[in-house]
């Protein structure tokens, strides 16, 4: 029986010939290779042994709403943020939560050291202050009636001038208080008012510095001591006045009767008459008093009641100064004033006081007058007169011009003030040019001291007043990002101007041919024999008579009482200085001299000028000034159909 091939064809794979042929070919092959070939698996057989192919893992995603991200990436970001918080954020939080110690203040520079001392001079010049002002109104002084404050700091000073003005019928309590002017015991109200204006101006501009050196409360107390007294010298509760009291105490030239110059007495020992001078016309004195009270009202802006009292008093005395029938200078024909503090003009006080009244009140009538073209014409402000460029108690033009330039530099009010303001600004720039030796406007000593008063006595009071203006103008320019200005073809920088101011103050503090300080108590070498009654007379409980004090005036010994902070008159045009009591032109301190010194020192010190702190306080001066331009109107209401 034969098997069948159901697929068709023969069961034979190959013919015999073919088999033999293959066998003959295989004989030529390597047996190992042939064996390996015989055991290889085809693809189907391999698939049986390996099983199905491995499937790829699918990525997982997270839907965050606005975006779909891989879960793995999301976890990576979260872990990174957590690590950053632990490594950076957490230490920062911990560091900020730990209470920090206040950093130590930088060591004071020489100007700060001198400033502390210069302010003490005013404590030594005080007369007693009453608790009541003129016409019986209560003063804002917190002092105990009848006594100097216990913290006055001058142990050798006591109560004095208790009977000043006691014979005046219209002033309750008399003219008790204020400051003695210099080495004598007279209270000259004209330089006293200017001194208070200068101190107030320095506080308005540099309050941060005063606070940084711990003198802010002290200087405000000194200003208030002066302004409280000025409010006694006229009827400050009235809106219209017809007189002011201009001086307490007198001194005749080469007199032979007891008075404030003939006698050599400590203020506490005065037993001679001290008459009061009255001025029914005082455009200059009235203008300066208005400036002092107005400037102080800005200083005391935080005391609304007292600031308002100062403004009201300033308005009354300003009105008196501007009265058309009262234009005779306060000193004219008065033998007790004219020789000492004669006023050569009153137009500068008009400009000066109008500027201060505007800043204190914001009333446009004051700035309108200050910028009226007729005012600088009458004051000869634009005439390029050399002496009119020197700031002093008698010439306020440079100070007024700088004060009005401030308005243009910081607020730029434009029309109708621009024409006059640009004139003041240009004149201020030219005034500053005269300070540099290269232009030859003023002589300088070989030691470098500018001779603003042409070699006459008391040179340092002019030096410090104009150094203050130079430093202040430099700070104004720096605050508005102006690097300098042109003096003819020469470009002068802010640093040039500030360097001039420093050179003059440094001269006073010891950088001079004598290698001595002209501020008592500063440095190792300073004047020891001041023309000053209180400093030269021992505090020994003995009351010396009018002429009994001569022995202390004439002795060659050093002062028994050191008048710390007093700046003396200064050296002559050859840098020479004689430390003797009778050389009053060189060795007598004054209120105006020390007021200028304080202002210059606080302007130059670097205390309080940290990173980001502007050179001056831009805004306090303008605290009462209304907006220069109308406010932007609100947008219209939404339209509705």
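For all residues, glycine too, the Cβ spot is worked out from N, Cα and C.
Keep in mind that TrEMBL annotations are predicted by a computer and have not been checked by a curator.
If you check TrEMBL, you get these features:
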TRANSMEM  73-94  transmembrane segment
DOMAIN    111-601  domain 'Glycoside hydrolase family 9'
ACT_SITE  531  active site
ACT_SITE  579  active site
ACT_SITE  588  active site
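Shown are the active-site residues 579, 588; the one with the most C-beta atoms within 10 angstroms of its own C-beta is 588. Computed over the domain 'Glycoside hydrolase family 9' (111-601), the whole-number mean pLDDT of the model equals 94. Residue 531 (active site) sits 5 Å from residue 588 (active site), taking the CA atoms of both as reference points. Residue environment of residue 531 (active site) contains 23 other Cβ atoms, counted within 10 Å of its Cβ in all protein chains. In this structure, the CA atom of residue 579 (active site) is 10 Å away from the CA atom of residue 588 (active site).
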